[in-house]
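These notes are about the structure you will find just below.
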């Protein structure tokens, strides 16, 4: 009879412990019930990107001196810089510049270390395509300025996310 009583007490303790764990989870669920949703309806609503957002790279062909600093600081040696040495003026002349955004990790080193500031990060992040070869942007595609999210009147912009109170 004694083993039966100890098993019953053990069973009661396990039941109380399980009910406590379920109650803790339920209290966490209830604490999240009065918060505002964090998600947005993406194609119809867009967040305004922060000032230091690292989106697609913008390139200004006329400012580039073909120094290849961007290639040296890139962790994956991504930018392709084709240049020709002009012997009469002893300077490099840029022929072609391209970046493959299918490989780019958007670290921003090329923008940060460019001595002539011919590279800059834009707020454009919608780069998805069905063909990965379309992600290889040459100097013409890199030179196009993106349409600002703020200027698009068909999309509702959300300036900031709801603040989470940790009280």
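Backbone N, Cα and C atoms are what each Cβ position is placed from, and that goes for glycine too.
Swiss-Prot annotates 104, 107, 110 as [4Fe-4S] cluster 2-binding residues; of 67, 74, the candidate listed for that same site is 74.
Across all of the domain '4Fe-4S ferredoxin-type 1' (55-84), the predicted model scores a mean pLDDT of 94. Each residue in 65, 66, 68, 69, 81, 110, 115, 116, 118, 119 lies on the same chain as 64, 67, 70, 114 and has a C-beta within 8 Å of the C-beta centroid of that [4Fe-4S] cluster 1 site, without being one of the site residues. Summarised by DSSP class, the composition of the domain '4Fe-4S ferredoxin-type 1' (55-84) is 8 helix, 8 strand, 14 coil.
Once Cβ contacts within 10 Å are tallied over all protein chains shown, the binding-site residues 74, 110 are led by 110. In the domain '4Fe-4S ferredoxin-type 2' (95-124), helix, strand and coil residues by DSSP number 5 helix, 9 strand, 16 coil. Of all the binding-site residues in the list 64, 67, 70, the shortest Cα-Cα distance to residue 110 ([4Fe-4S] cluster 2 binding site) is found for 70.
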